[in-house]
Amino acid sequence: MKKLTKISTALLIAGLGFSFAASAKVTVFAAASMTDALQQVAKDYAKQNPKNEVVFSFASSSTLAKQVEEGAPADIFVSASNKWMKYLSEKDLTVKETEKVLVGNDLVLIAPAKSAVNSVDIAKGEWINALKDSYLSVGDPAHVPAGQYAEEALTKLNLWDKVKDRLARGKDVRGALALVERAEAPYGIVYSTDAKVSQQVKTVAVFPADSHKPVVYPVSIVKGHDNADSRDFLKYLESDAAKKVLVGYGFSAK
């Protein structure tokens, strides 16, 4: 399982010279594209709930969903697509009354920050020529939501057949981002929020909204983990304060 990223109260307030022992812990399995935003939300939550602790496991939604299916101790699941939430829901592994869409996102084409290209007409497909002997960096369309959205969009634009054999397939969307950050790929397809948090890439095009299903992030409490602490953090996730943070990171409010 992915190493859990811990947001601990002691670390958050160490600068003030004192700490509290956590009396409750909520484990959140969340799509990799939400890493920065959810960590900030958890920090803000900890300020209001100093005796609570939130820990994260960030990875591809498909990887996390299958870990939940295998019994991983997740209290809350945040997916980057309806597909993987539905996957767990149909297996009766979610608390259905808590299922809802948290935020949305956009799909974008990125290039290294130092690239001479600043914008492209995504529909014309001339940008594909710049790949030359290199690859287009994407989350693996076989299981990564960002890659599946990318395949859908490129198919709609009649470009998929031109690039399907020239893909660098990341294990998640942050893996796809990393290749472009290191300039190991001239272009990549990620979410707008991923591009926004990186100074090593720039957005050169936004895929038309009608070229793919809406990018949404459903959230739910995992069955067997419906308790007061899980409910409390989920309620905070849906609060105006949390939504403000998420929107600040580039997500769209729902």
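Any Cβ shown, glycine's included, is placed from N, Cα and C.
Per Swiss-Prot, the candidate among S61, S115, S220, S230 that belongs to the molybdate site alongside S33, A146, V173, Y191 is S61.
In the three-state DSSP classification, A146 (molybdate binding site) falls within a helix. If you take the C-beta of S33 (molybdate binding site) and look for same-chain residues 6 or more apart in sequence within under 8 angstroms, you find A80, N105, A146, V173, R174, V190, Y191, T193, D194. Under the DSSP three-state reduction, Y191 (molybdate binding site) is assigned to strand.
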